[in-house]
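Colleague: I have a structure I would like to understand better, so I am pasting it below and will then ask my questions one at a time.
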Amino acid sequence: MGSQVSMDAGAVHVVIVGGGFGGIAAASQLQALNIPFVLVDMKDSFHHNVAALRASVESGFAKKTFISYSVTFKENFRQGLVVEIDLKNQTVLLEDGQALPFSHLILATGSTGLFPGKFNQVSSQQMAIQAYEDMVTQVQRSQSIVVVGGGSAGVEMAAEIKTEYPEKEVTLIHSKMALADTELLPCVRQEVKEILLRKGVQLLLSERVSNLEALPVNERRECIKVQTDKGTEVDANLVIVCNGIKINSAAYRSAFGDRLASNGALRVNEYLQVEGYSHIYAIGDCADVREPKMAYHASLHANVAVANIVNSMKQRPLKTYKPGSLTFLLAMGRNDGVGQISGFYVGRLMVRLAKSRDLLVSTSWKTMKQSPP
């Protein structure tokens, strides 16, 4: 797939909705193959959100996590919010009235969640970076911090704070007994707990925050009283919420209402085509594939979608996507981590080398063919 594809220039035009990990992987491959495409995103920069939590605690790190789309994709990038997909006329409609025609559509809308783990809003690169620098200030000014949610984002957030500021009091509150993602090996989840305890994180497990809606989030206060359903009360200066990830279905919900899974993801076949549409693909978090929602998987999906657009043009057999054994690395601060590769446990040294030190930031700059700041 390294060489350019010869074809009738007017026959194929791909629109990619969403410039996350799957979207930029697909766009980069189409660009290399000289296949006409447009990438649409409401931000002007790709957000390497794998490193969002470190950008919340380490001043100066955020600028490494936002990478301009237009520098890489030039006139093939449009900043805008998708408001409708017109299946009959094969166009993507933007909020500003632009209509983008497509022969093939790749939906890569990702998922949405609370800041700082996610940054999903219409924004410039400068504003986005400043939002994270402001968050660093809130963390620096707080002595006692509560992290709500003990999935992968919550445990990584707690670890990042204690790594950067070991003197701060950090309490992690999680509604279940086991930490991190349910798909992980029990020994990996246990090691996550051990790492947090070694770092001095206070754990409140099998407890749910009962007054969450009344709490100020991401804002330093003199005293915030966090209450749980077990009657525990924690005094904090800062509350950071790391749960509630949802599929970003707003762009396509009205067009594909009958093709949606219960969580809002699009039902796809083994070729990652949306059920009933051979020219429309869903990749990444918005594809209903039985595997954890991860940047790594989104990039694998992009490979399949682009290969199948090329294969369909050349009347070749389509490539199938089969989820493999789980590879999942948890960076617990820059010097620690744990995870599994192809279903096998890997410890601190391997995870530190593979992910924890720079959180794969350099990989995204390479994908975007730019040099990091």
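Using N, Cα and C of the backbone, Cβ positions are placed for all residues, glycine too.
Dumping what Swiss-Prot says about this protein:
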type	residues	note
BINDING	G18, G19, G20, F21, G22, R54, V82, D285	6-hydroxy-FAD binding site
LIPID	G2	N-myristoyl glycine
MOD_RES	K168	N6-acetyllysine
SITE	H174	site '4-hydroxy-2-nonenal adduction'
TRANSMEM	7-27	transmembrane segment
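Tell me about the surroundings of these features in the structure.
Modeller: All protein chains considered, the CB of G22 (6-hydroxy-FAD binding site) has 31 other CB atoms within 10 Å.
Look at K168 (N6-acetyllysine): DSSP puts it in coil. For K168 (N6-acetyllysine), the same-chain residues that are 6 or more apart in sequence and have a Cβ closer than 8 Å to its Cβ are V139, S142, Q143, S144, I145, I161, K162.
Summarising the environment of H174 (site '4-hydroxy-2-nonenal adduction'), the number of other Cβ atoms within 10 Å of its Cβ, over all protein chains shown, is 25.
Tertiary neighbourhood of the transmembrane segment (7-27): same-chain residues 35-41, 43, 46-47, 49, 69, 72-73, 76-77, 82, 85, 92, 100-110, 248, 251-252, 283-286, 295-296, 298-299, 301-303, 305-306, 309, 313, 364, 367-368, selected by CB-CB distance under 8 Å and a gap of 6+ residues from either end.
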Colleague: What is the total of other Cβ atoms whose distance to the Cβ of G20 (6-hydroxy-FAD binding site) is within 10 Å?
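Modeller: The answer is 26.
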